[in-house]
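Listed in Swiss-Prot:
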type	residues	note
ACT_SITE	ASP273	active site, proton acceptor
ACT_SITE	HIS415	active site, proton donor
BINDING	ASP274, HIS324, HIS328	Zn(2+) binding site
BINDING	TYR365	substrate binding site
SITE	ASP389	site 'Raises pKa of active site His'
TOPO_DOM	1-5	topological domain 'Cytoplasmic'
TOPO_DOM	27-466	topological domain 'Extracellular'
TRANSMEM	6-26	transmembrane segment
Amino acid sequence: MKIRWIRLSLVAILIIAVVFIGVIGFQKYQFSKSRNKVIMQMDRLMKDQDGGNFRRLDKKENGVEIISYIPKTTEKKDNEIIQKEIGKATDAEVKKLNRDKETQGIIFYTYQKHRMAEQAISYKAVQSEYVKEGRTKFVLKDKKDICKNIVTDAETGALLTLGEVLIKSNQTKLNLKTAVEEELIKTGDFSLKDVGNLGKIKSLVKWNQTDFEITNSEIILPVKIPGAPEPKKVKVKLADIASSVNKRYLPSSVKVPEVPKAKTNKRIALTFDDGPSSSVTPGVLDTLKRHNVKATFFVLGSSVIQNPGLVKRELEEGHQVGSHSWDHPQLTKQSTQEVYNQILKTQKAVFDQTGYFPTTMRPPYGAVNKQVAEEIGLPIIQWSVDTEDWKYRNAGIVTKKVLAGATDGAIVLMHDIHKTTAASLDTTLTKLKSQGYEFVTIDELYGEKLQIGKQYFDKTDSRMVK
């Protein structure tokens with residue numbers, strides 16, 4: 001009896017052992033199946049994203065599998081920049097592991113790829129960590145970017161700097177600074193009182209910097225804003241700075257807005273300063289509309305605020321709006337910060353009412369020097385015909401001066417704050433029309449993108465500010 005009991009016990013133990021081994025084996029099978037499934041999913045993800053244009057590297061450290069996907073260039077070579085970033089992340093992770101050799105996990109190093117143009121590719125390397133949950137499956141524990149966005153040449157795989165993607169010039173720096181200021185104004189995060197501080201953004205462009213991102217439509221820059229603890233990523237439309245982008249890296253999908261051009265060879269641009277005025281500007285607009293004439297208004301930001309709706313009407317009726325400062329000081333006698341205040345407050349005032357930023361600027365009294373022109377950050381529009389309407393306050397004299405100075409390509413200076421100027425307009429337009437003139441805005445007069453730091457007097461007379 002005792003022997004029989006012993007035999008039964010041994011059989012039971014054997015059965016339990018077999019079952020235990022079977023369970024363990026099944027768990028290992030399920031675990032292996034789960035592991036293979038995760039790897040297959042990641043392989044499929046990368047093939048779907050990049051068509052298999054990569055090389056997979058596998059290794060094991062401290063019980064953890066590390067699987068890396070290295071992209072290839074158009075020359076079918078490993079992208080050394082991405083490989084280096086993944087290598088640094090791998091080394092750092094291995095140092096942190098210190099896990100028991102029985103601990104099992106998988107760390108994937110993948111990349112997100114975005115072609116910005118035929119000759120440039122934007123990459124971001126990503127780490128995904130899977131760990132064992134229970135005894136039979138893997139689950140995603142953590143996913144994170146392991147490096148900043150990297151822009152490389154599609155052909156060579158070489159890391160691109162901002163100075164290679166953009167055209168190295170002072171004009172590029174000025175264009176980009178103005179574009180960034182406007183994008184920040186659009187956010188609505190800056191009050192009228194504080195918006196001038198955006199002018200303090202300096203050293204925005206460093207030609208050797210690589211910490212930028214680029215898409216098919218935007219370039220994204222980290223910008224240190226005065227008073228802000230961390231840099232802010234600012235998106236600038238490539239179409240807005242297309243003239244400053246190296247053609248090799250400018251996406252063909254970017255549509256650069258065409259500058260309207262005049263239809264005839266006898267053109268004249270009428271311009272009005274110091275408005276809008278609630279008592280005069282509406283009458284000026286009525287007369288222009290009646291004659292189907294377009295003009296350019298250089299507005300004061302303070303007057304835009306005091307007379308809401310008029311600058312919007314100017315734009316809606318097809319006129320161009322430029323800046324004339326906030327409250328008409330001589331900018332060459334102001335501090336740098338005050339120049340920023342004068343310009344950016346006006347930009348914000350016009351944008352808040354219209355969704356539009358003035359693209360040109362006429363400094364009060366025409367006073368400008370090289371430093372102020374760069375601080376303004378907009379092309380400078382001067383004039384070739386001064387009616388001196390502010391001095392004479394006589395409608396007949398205003399008309400006479402316009403007619404005496406009128407030539408093809410002339411820019412005429414008037415003010416839409418004087419009733420005598422408004423009264424002169426009907427006769428002035430009628431007589432100019434009889435002489436065959438086409439009335440154009442400043443943009444139409446030149447028919448091309450104007451330069452920051454340059455001043456324009458008429459169609460044939462433009463020069464860099466000194």
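Residue numbering: from 1, along the chain as shown.
Here the Cβ of each residue, glycine as well, is placed from N, Cα and C on the backbone.
What Swiss-Prot annotates, mapped onto the structure for a quick look.
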residue	record	Cβ within 10 Å
ASP273	active site, proton acceptor	22
ASP274	Zn(2+) binding site	22
HIS324	Zn(2+) binding site	26
HIS328	Zn(2+) binding site	16
TYR365	substrate binding site	11
ASP389	site 'Raises pKa of active site His'	25
HIS415	active site, proton donor	22
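Taking the Cα atom of each, HIS415 (active site, proton donor) and ASP389 (site 'Raises pKa of active site His') are about 7 angstrom apart. Taken residue by residue with DSSP, the residue listed as 'active site, proton acceptor' is part of a strand. Comparing C-alpha positions, ASP273 (active site, proton acceptor) sits nearest to HIS324 among the binding-site residues HIS324, HIS328, TYR365.
Neighbouring residues of the recorded Zn(2+) site, listed in sequence order and excluding ASP274, HIS324, HIS328, comprise ASP273, GLY275, PHE298, VAL299, LEU300, SER303, SER325, ASP327, PRO364 (Cβ within 8 Å of the Cβ centroid). Here the CA atom of the residue listed as 'substrate binding site' lies 9 Å from the CA atom of HIS328 (Zn(2+) binding site). Here the C-alpha separation of ASP274 (Zn(2+) binding site) and ASP389 (site 'Raises pKa of active site His') works out to 12 Å. DSSP assigns the residue listed as 'active site, proton donor' to a strand segment in the three-state reduction. DSSP assigns TYR365 (substrate binding site) to a helical segment in the three-state reduction.
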